[in-house]
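Database features (Swiss-Prot):
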BINDING   Pro96, Ile97, Gly98, Ser99, Gly100, Leu101, Gly102, Ser103, Ser104, Ala105, Cys106  ATP binding site
Amino acid sequence: MLRIYAPASSANISVGFDTLGAAISPIDGSLLGDVVQIEDIPAGFELESAGYFVRKLPKEPQKNIVYQAYVLFSERLKLRNGHVKPLRLTLEKNMPIGSGLGSSACSIVAALVALNMFHNEPFSKMELLEMMGELEGRISGSIHYDNVAPCYLGGVQLMVQSLGNICQQLPFFDSWYWVLAYPGIEVSTAEARAILPKSYTRQDVIAHGRHLGSFVHACHTQQDVLAALMMKDVIAEPYRESLLPNFAEVKQASRDLGALATGISGSGPTIFSIAPDLAVATKLANYLENHYLQNNEGFVHICKVDNQGTRALG
């Protein structure tokens, strides 16, 4: 039996729409992510679901993304004259769906890594990552890797999609704390994509290029002040903020409390605030708990970048 944990991820990081993503873990050691357990059975295939958010999963097993991961893995293995073993997959759904924290990516990545390890790793990391992107595209409507890549590989990942690589890891800032606030409401990725304009002004395109280029440069040269200043979003945030509760007010208040940057995590409704130290992070967490959460399913976590990525649990 194997138990595979896949951590939450924050895509875009404001400045890198569909291009940047970070794996995230709470500093208190709690597991913010999904777990997939895989084990032998005498014959056939079984899928079970558990976890806090299990009630949010599709009722039909065929619509469960873990089932779809199993089917895709089986198809790819057959192309290599291989066959899947009789097995049971159990998804522990600990991540809220439509949260902006890579919930679907957690399930996809944990399932595919579990299946690959269970079958003695017939697929390389890049082959698995390509499968992960394909499955993610079925949910959101377009293939993108900014959640699955950091969730799988850890760290902050830049999508390059050239020279045989889907992504490359960016050096980042170990001193930064990420305060993540999920309000307890759902925003579908497809809905959040549909709200974006079909085209952008030249001014916005230039600004986006300047911000992203400067941010990547700042990461490589370890200029934390410049990196934080460049965490601006002219592509998605102006259009998506209407889907989030009191976003403009919360963003300004977070800045007043000492946040280096605040933005939408993925397609929302989770937001993130970057804090320079734990004292500021604690202030931000307290504020967001009282002013951003909408119901008792919401939560706030003080986090750091998770450099391990997906891993087996003991």
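Each residue, glycine too, has its Cβ placed from N, Cα and C.
DSSP assigns Ser104 (ATP binding site) to a helix in the three-state reduction. Long-range C-beta contacts of Gly98 (ATP binding site), restricted to its own chain and to partners at least six residues apart, with a cutoff below 8 Å, comprise Glu186, Val187, Ser188, Thr189. Listed in chain order, the extra residues whose Cβ falls within 8 Å of the Cβ center of the ATP site residues Pro96, Ile97, Gly98, Ser99, Gly100, Leu101, Gly102, Ser103, Ser104, Ala105, Cys106 are Ala8, Met95, Asn147, Gly266. For the binding-site residues given as Pro96, Gly100, Gly102, the lowest number of other CB atoms within 10 Å of the residue's CB is seen at Pro96. Cβ crowding, taken as the number of other Cβ atoms within 10 Å, peaks at Cys106 among the binding-site residues Ser104, Cys106.
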